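What follows is a short report on a single structure.
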There are 2 protein chains.
Amino acid sequence: MLSNHLQNGIETAKMAWSRLPNADDEATDAVGIAKKSDESSVESLDYEVIENFAYWEEQAQRGKLYVWYYVVVKWFFALLIGIGTGLAAVFINLSVENFAGWKFELTFWLIQKSYVVGFLVYLLINLVLVYSSVCIITQFAPAAAGSGIPEIKGYLNGVDIHGILLFRTLIGKVFGSIGSVGGGLALGKEGPLVHTGACIASLLGQVTCGCAAGVAAAFRAPVGGVLFALEEVTSWWRSQLMWRVFFTSAVVAVVVRTAMGWCGSGICGHFGSGGFIIWDISGAQDDYSFEELLPMAVIGVIGGLLGALFNQLTFHIAYWRRNFLHKRGNRVKIYEACLVSLITSLISFGLPLLRKCTPCPEYDPKSGIECPRAPGMYGNYVNFYCSKDKEYNDLATLFFNTQDDAIRNLFSAKTSHEFSAQSLLTFLVMFYTLAVVTFGTAVPAGQFVPGIMIGSTYGRLVGIFVVNFYKKLNIEEGTYALLGAASFLGGSMRMTMSLCVIMVEITNNLKLLPLIMLVLLISKAVGDAFNEGLYEEQARLKNIPLLGSRPVYEMRRMTAKEACGRRVISFPRVVKVADVVSILQSNKHNGFPVIDHTRSGETLVIGLMLRSHLLVLLQSKADFQHSPLPSDSRGSRFIRHSLNEFVKPASSKGMSIDDIHLSSDDLEMYIDLAPFLNPSPYIVPEDMSLTKVYNLFRQLGLRHIFVVPRPSHVIGLITRKDLLIEENEDSGTMELQSTSVRARHRDKRLVTSSEESNSERPLLNGLLVRHPSA
Amino acid sequence: MLSNHLQNGIETAKMAWSRLPNADDEATDAVGIAKKSDESSVESLDYEVIENFAYWEEQAQRGKLYVWYYVVVKWFFALLIGIGTGLAAVFINLSVENFAGWKFELTFWLIQKSYVVGFLVYLLINLVLVYSSVCIITQFAPAAAGSGIPEIKGYLNGVDIHGILLFRTLIGKVFGSIGSVGGGLALGKEGPLVHTGACIASLLGQVTCGCAAGVAAAFRAPVGGVLFALEEVTSWWRSQLMWRVFFTSAVVAVVVRTAMGWCGSGICGHFGSGGFIIWDISGAQDDYSFEELLPMAVIGVIGGLLGALFNQLTFHIAYWRRNFLHKRGNRVKIYEACLVSLITSLISFGLPLLRKCTPCPEYDPKSGIECPRAPGMYGNYVNFYCSKDKEYNDLATLFFNTQDDAIRNLFSAKTSHEFSAQSLLTFLVMFYTLAVVTFGTAVPAGQFVPGIMIGSTYGRLVGIFVVNFYKKLNIEEGTYALLGAASFLGGSMRMTMSLCVIMVEITNNLKLLPLIMLVLLISKAVGDAFNEGLYEEQARLKNIPLLGSRPVYEMRRMTAKEACGRRVISFPRVVKVADVVSILQSNKHNGFPVIDHTRSGETLVIGLMLRSHLLVLLQSKADFQHSPLPSDSRGSRFIRHSLNEFVKPASSKGMSIDDIHLSSDDLEMYIDLAPFLNPSPYIVPEDMSLTKVYNLFRQLGLRHIFVVPRPSHVIGLITRKDLLIEENEDSGTMELQSTSVRARHRDKRLVTSSEESNSERPLLNGLLVRHPSA
């Protein structure tokens with residue numbers, strides 16, 4: 001044993017890490033319960049947690065019961081997240097529907113007397129609602145502006161944006177979106193609901209569940225929610241998580257359904273007649289002929305083009321806002337939002353006034369749709385500024401309505417010829433412009449509903465031509481509106497399967513699935529030819545570094561060595577406090593290799609030390625020692641910290657080295673890093689293709705990879721059969737199916753000695769022979 | 001430059017690998033087009049392909065167009081798979097429905113004259129069908145027996161089972177399942193359809209797509225198909241693949257729908273009235289009260305218990321069959337299947353004879369269900385061996401029917417009190433026994449439909465009690481039957497989300513989703529307390545080594561070093577042919593490290609050489625050389641093989657060393673392995689926790705990992721920011737968002753020299769400075 005202390009160091013670290021009851025993936029659960037981290041967060045995947053030795057030792061003894069306890073707690077939290085998100089969604093919808101309902105009721109009542117008074121009141125109500133929303137955001141919760149989806153994506157991709165999951169943000173998001181959506185702006189509440197769900201879930205440490213719950217609540221689409229979380233949000237996934245996420249989504253669906261059933265008797269005011277987007281078009285065409293595929297493909301192309309244009313325009317406007325307008329302070333943000341509100345009110349009230357009314361069609365008892373609709377009701381055929389009773393204003397049917405109702409009208413079946421091509425075109429141009437301008441104001445804003453609005457407008461426009469051209473009875477304009485909506489969302493957000501399922505779930509019609517797929521396929525392909533998806537563009541704008549699902553082409557020509565540009569700063573195992581402080585001050589690296597020396601002078605990498613853990617050690621001072629020699633690693637006296645101290649809070653800036661003040665005596669002391677380091681970070685040889693490194697990094701959700709020299713020899717080769725160890729519930733021993741580990745254990749000494757032909761590292765030999773006893 | 005030849009070796013290999021146009025993940029696509037590998041197969045993930053240098057060089061120059069070509073081809077193949085699987089499903093259903101239809105028509109006609117003659121004819125037809133099925137399997141396609149799902153799971157998990165994806169197996173599966181299902185055995189055609197889809201897809205190199213297509217075709221459930229492939233089958237996934245899989249599933253849905261529309265006019269015989277399981281229960285209850293949750297939970301528990309029992313019984317019987325009965329040869333298998341057929345016929349014909357008929361209920365114009373059903377029709381209320389006209393035999397309604405129709409009857413709404421508890425119980429016991437006994441006979445056999453049968457029987461039984469107990473009008477026994485079916489499948493197969501979605505899709509009713517989830521959650525939890533899922537149990541029985549989604553508990557206490565038991569055999573870079581042959585003969589390893597020596601005597605691992613590639617080299621002899629010195633690696637003269645030679649066919653045993661015969665002259669020659677090896681396999685340090693190694697192995701779908709000594713120093717650290725390289729379409733240069741690689745390129749020499757404090761490996765220094773020019 002040449003260098004006992006080096007060996008001890010590795011041993012110590014290894015013991016500490018391996019004694020975690022679920023060292024590699026459930027350390028995170030304990031953290032989840034401590035409400036401080038997220039299980040899907042990359043944070044936990046890199047095992048950047050250190051355990052309290054005695055605590056875990058005790059837990060490990062409790063065994064099965066303990067595992068069960070955690071499973072139950074996890075599921076209980078998933079239940080709570082579902083209930084919480086469902087209730088938040090109901091609250092938002094209830095409020096929005098009531099504000100909007102009162103607003104339109106009052107306005108319709110007033111315009112019977114005077115259009116000017118009606119307009120002024122309408123404008124004022126909108127302004128107040130938007131003003132309150134923008135004030136909440138600017139004064140109280142700045143992180144709640146926008147949709148929040150790019151930030152959540154970033155968080156689950158491993159990037160922590162300041163303040164994004166705070167309780168304050170949750171409150172701001174809920175009340176802010178009530179104001180902005182109730183105030184009639186061209187934005188939706190679906191994106192903010194996803195953020196809301198994530199905020200609620202982050203309180204309980206399961207952000208992925210929250211995302212899915214948000215989508216499930218927004219669209220009442222539990223399957224769509226799971227797929228959204230799977231496809232769009234997380235970068236890491238496993239099937240156990242999927243099932244829990246699905247459970248959460250289903251709980252949301254039950255909560256929302258229960259609440260709506262409860263409100264069905266009319267005790268919730270205007271809520272119940274509108275609200276949750278579920279457009280049941282079961283009365284629509286559920287068959288299609290091959291001639292229709294061409295116009296549907298045209299819808300797909302339009303969706304791709306308009307969607308890509310939308311991304312491009314919003315990117316540029318948001319860039320300008322971010323770098324010029326919003327730098328001038330909160331007052332500008334407030335003025336801006338109010339101005340947008342005024343313009344929106346003006347357009348939505350004013351444009352229908354210019355439109356001539358259309359005589360009502362004959363009443364069709366089959367459809368049961370009245371024309372004009374009864375006052376105070378929702379639905380098609382709005383009588384607005386019409387000279388006769390039996391007339392309706394098709395532009396007002398779209399504009400002078402909540403967006404949910406407008407979409408319902410656009411999707412409606414058995415209402416052919418309700419909208420004129422001219423009105424649809426006017427609406428399309430105006431609403432598209434409004435949506436682009438509104439995007440990026442300092443209010444909570446989703447893009448789903450505006451996207452559906454835009455898409456269903458040109459979809460219905462195409463539908464009008466198809467109905468006229470093919471003169472078939474079973475073609476419904478509403479179906480084309482639905483396909484248009486899918487195409488615009490596909491062209492803008494570039495989601496695929498989740499969007500498809502969401503569209504199917506909100507229309508409750510599985511038969512349209514192939515058609516929705518067709519337009520999505522086309523619109524996504526067309527959009528991809530121009531730019532990235534909306535969320536990726538916005539994330540780029542916000543400097544959120546998202547790792548895409550596949551490496552870029554250039555990486556094929558690069559090696560691992562070429563990618564790591566920073567100079568690496570290593571720590572020795574026992575380091576002087578003053579050195580730690582000066583190194584932490586001199587750079588911003590988050591991880592440091594720890595290197596120890598054998599007595600023969602050789603070096604050996606013994607692990608990875610995190611900045612955050614170093615800061616904890618510096619702050620507590622409990623592990624400072626006078627001697628520059630390693631502390632004795634035998635026994636369990638050496639960790640004086642509890643697990644929680646080392647766990648990074650889910651969303652915070654954490655400590656900074658500047659917050660730590662040490663006396664000059666302290667600076668002269670030493671720390672033995674061995675118990676606190678991660679003893680086996682992932683390594684890659686220096687000339688590995690960067691593509692491979694990228695896959696490793698992303699698939700495992702890592703934060704640090706060591707690039708090391710090519711190894712001098714191979715100790716062993718692990719293949720599938722080596723990993724087929726059967727779980728044995730009764731004892732700590734293990735059984736192998738094809739090759740017995742137990743037999744191998746017996747042969748260990750033999751194997752080790754025969755393999756270790758390279759005798760340059762005697763200490764490793766000793767280490768490895770001794771380890772099984774640990 | 002101390003050791004020019006070593007450096008050249010690494011360079012050569014690196015160039016060869018990195019010049020693959022899509023070196024890291026689309027090498028596999030080219031292979032897919034060569035129809036020889038599967039893109040989700042682990043095969044390709046480990047990059048065990050070697051490229052033809054000149055060929056790829058040429059391709060790389062074609063650039064974008066070339067990439068587009070491959071994308072188009074891939075999607076076209078997905079389309080073909082969808083069409084093929086859809087047509088296969090239609091063919092199977094058409095045949096089964098017609099055989100079964102003729103059979104029942106003839107039998108019903110005969111029993112009007114004589115029950116004995118009717119029974120004998122019924123028995124004979126069943127026997128002939130089953131006999132033909134078992135003959136096809138035993139004589140022609142033995143790999144087509146059983147459901148095939150465990151084997152496909154194994155294949156996508158990285159284990160190649162002989163013959164599982166051959167064209168012969170496809171034919172056997174299609175015709176075999178027509179016989180076995182048409183012959184009235186207690187098994188389904190859904191599992192075999194998944195296998196059929198996979199076989200079709202493997203012809204085009206996309207097995208994952210085929211699996212999803214099979215499920216989509218079996219249940220007309222495209223979303224369920226994708227989730228099935230995602231959750232149950234593949235061990236590796238990415239969102240691009242998901243979208244293509246989804247596309248395939250949707251194509252299947254369109255093909256099936258088109259075919260059924262075409263058959264709607266009656267030109268397909270009996271097909272159209274039964275067949276594809278789509279049980280539209282839209283007329284059923286879509287609301288539930290909280291009191292009902294208790295009986296639903298009871299259904300979940302029953303499902304878990306009966307499902308786990310089913311797994312246990314089938315495991316033991318299959319074990320006995322495998323190790324005793326079926327070892328006696330094909331004749332025993334044929335006798336066995338015929339015996340099972342006779343018993344099944346006897347029970348399904350005989351038991352209803354013992355049952356007293358029930359008087360018909362009053363005709364309800366709302367439901368439109370006639371009692372007894374008209375002769376030659378399908379539906380409820382079968383008049384069989386009844387003394388009066390206005391009577392029906394409830395046991396015959398279940399037994400003397402195709403399984404699809406029996407399930408439709410069990411699920412049917414508005415037919416309360418159709419079945420007596422006694423009949424349901426009799427049916428449950430008998431059918432459960434038959435299903436257990438039938439499972440494992442040498443015919444294609446799915447477990448979905450029998451599972452649904454069993455589940456819906458006890459579900460309906462519980463439903464009868466609930467209806468009687470709560471006396472509410474809106475409770476339908478059919479809904480409970482559906483929940484029962486979900487619970488049994490959950491308890492037996494342990495699928496979660498995919499099963500949930502499949503159940504929703506086949507019933508076309510999204511409103512029951514939370515209830516289905518509830519019973520699934522319970523039944524899976526109950527079942528998991530006893531044993532593993534059906535497919536896992538069967539895979540274990542068949543010695544298919546599946547890697548579970550999470551590492552077993554014991555791995556936490558093990559290190560990488562402890563797992564790799566085999567003695568590692570390394571090759572030098574230039575190796576004598578005789579040595580290669582003797583090493584390949586002396587062991588069965590599939591991968592060998594290649595180690596080179598510097599002139600100073602140090603060793604360096606330069607890559608991984610595969611057995612299969614060595615065999616190709618030995619067989620072709622084109623790369624043999626007389627000199628024991630490395631061939632010159634400059635220029636492109638050195639690879640005389642085309643890509644296809646090195647690609648492993650999707651399903652074959654491949655070559656063996658015994659097939660290769662070399663002259664003594666050949667044996668005296670040398671091979672330079674450098675151009676053919678994988679230059680950077682994944683490496684782990686020897687004392688890394690085995691849990692981490694497992695995650696690496698499974699998440700990246702690897703086949704070999706090198707276990708190496710702890711590195712002596714760290715060359716660099718790769719973090720998220722280092723991997724944020726923006727794709728640049730116009731040139732080969734790259735841009736970085738946060739830190740510029742270009743700037744880094746300029747500083748490379750500086751960085752390299754400053755980092756390389758360890759100057760023990762001068763050759764690496766040289767290598768790395770030179771590489772960017774390659």
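Glycine too: its Cβ is placed from the backbone N, Cα and C atoms.
Distant neighbours of the transmembrane segment (A:67-94): 21-22, 26, 29-30, 32-33, 174, 177-178, 181, 189, 192-193, 196-197, 200-201, 204-206, 209-210, 213-214, 216-218, 244-245, 247-256, 259-260, 263, 268-269, 271, 275-276; these residues of the same chain sit at least 6 beyond its ends, with a Cβ under 8 Å from one of its Cβ atoms. The annotation transmembrane segment is assigned in TrEMBL to A:67-94 (among others).
The annotation transmembrane segment is assigned in TrEMBL to A:115-141 (among others).
As annotated by TrEMBL, transmembrane segment applies to A:293-314 (among others). For the transmembrane segment (A:293-314), the list of distant contacts is 432, 435-436, 439-440, 451, 454-455, 458-459, 462, 465-466, 480, 483-484, 486-493, 515, 518-527, 529-534, 537-538: same-chain residues at least six beyond its ends, Cβ to Cβ under 8 Å.
Here TrEMBL flags A:424-442 (among others) as transmembrane segment. Sequence-distant contacts of the transmembrane segment (A:424-442) (same chain, at least 6 residues past either end, Cβ-Cβ under 8 Å): 134, 137-138, 142, 145-146, 185-187, 306, 310, 313-314, 317-318, 321-322, 326, 330, 333-334, 336-337, 340, 343-344, 347, 351, 355, 395, 398-399, 450-451, 453-454, 457-458, 460-461, 464.
The feature transmembrane segment is assigned by TrEMBL to A:448-470 (among others).
Residues annotated as transmembrane segment in TrEMBL: A:482-506 (among others).
The annotation domain 'CBS' is assigned in TrEMBL to A:677-736.
What TrEMBL records for A:734-765 is region 'Disordered'.
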Cβ contacts under 8 Å made by the transmembrane segment (A:115-141) with residues that lie 6+ beyond its boundaries: 99, 103, 106-108, 163, 166, 168-169, 171-173, 175-180, 182-185, 330, 333-334, 337-338, 340-342, 344-346, 349-350, 353, 385, 441-444
Chain residues in Cβ proximity to the transmembrane segment (A:448-470) (below 8 Å; excluding those fewer than six residues from its ends, i.e. six or more beyond): 186-191, 218-219, 277, 291-292, 295, 298-299, 302-303, 306-307, 310, 398, 403-404, 406-407, 410-411, 416-417, 419, 421, 424-425, 427-428, 431-432, 435, 438, 476-489, 492-493
Model confidence over the domain 'CBS' (A:677-736), averaged pLDDT: 76
DSSP-assigned states of the domain 'CBS' (A:677-736) in counts, ordered helix, strand, coil: 14 helix, 16 strand, 30 coil
